[in-house]
Amino acid sequence: MLNKLSLLLKDAGIPLTDHQKNQLIAYVNMLHKWNKAYNLTSVRDPNEMLVRHILDSIVVAPYLQGERFIDVGTGPGLPGIPLSIVRPEAHFTLLDSLGKRVRFLRQVQHELKLENIEPVQSRVEEFPSEPPFDGVISRAFASLNDMVSWCHHLPGEQGRFYALKGQMPEDEIALLHEEYQVESVVKLQVPALDGERHLVVIKANKI
């Protein structure tokens, strides 16, 4: 699995240390193990997880601005866990409302010794925003309008929303509330992954 990950990272142009690679593989192995009992993801094959979960998450890392992030509706830690491994200098709050997912995240935190994550069980609209975050991240969480509506209190004045999407969400962008502005839409290149991937970056401060 290490060889496959190294090749994928090379194709993606993402240089990582051996320690970071081993952490990512350990996370995949834990996800595969816990998935049998906890049903954390529909992806069953660890090699497929490397592409659809690991690479699909970390290709976003170069576009994140700031040091404090919150991953809303993180599920089993996607994209928050892979991003925290790639960006060890940043801090990631991993938010999910289901206890079994948060228990898994805490076990990952313990076994991988990840000091820059904080798993939290809470609904996003009930989670306090002090201090505010530099970025609010979501992957397959909600429409753009629902994301900014439910998470409007989380980013700081210069914070941003980072929405990971599949196909270009033109309809969602057209319907976005007027007080929010799409700063950029990045077409992401994920090696060995069929289908399109886009990152929508939305300014949190009102126009």
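Just so you know, glycine gets a Cβ as well, placed from its N, Cα and C.
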Of Arg87, Arg139, residue recorded by Swiss-Prot at the S-adenosyl-L-methionine site of Gly73, Leu78, Val124, Glu125: Arg139
Taking the binding-site residues one at a time (Leu78, Val124), which has its Cβ surrounded by the most other Cβ atoms within 10 Å? Leu78
Which residues, sitting 6 or more apart from Gly73 (S-adenosyl-L-methionine binding site) on the same chain, put a CB under 8 Å from its CB? Leu95, Asp96, Val124, Ser138, Arg139, Ala140, Phe141, Ala142
Minimal Cβ count within 10 Å, across the binding-site residues Glu125, Arg139, points to Glu125
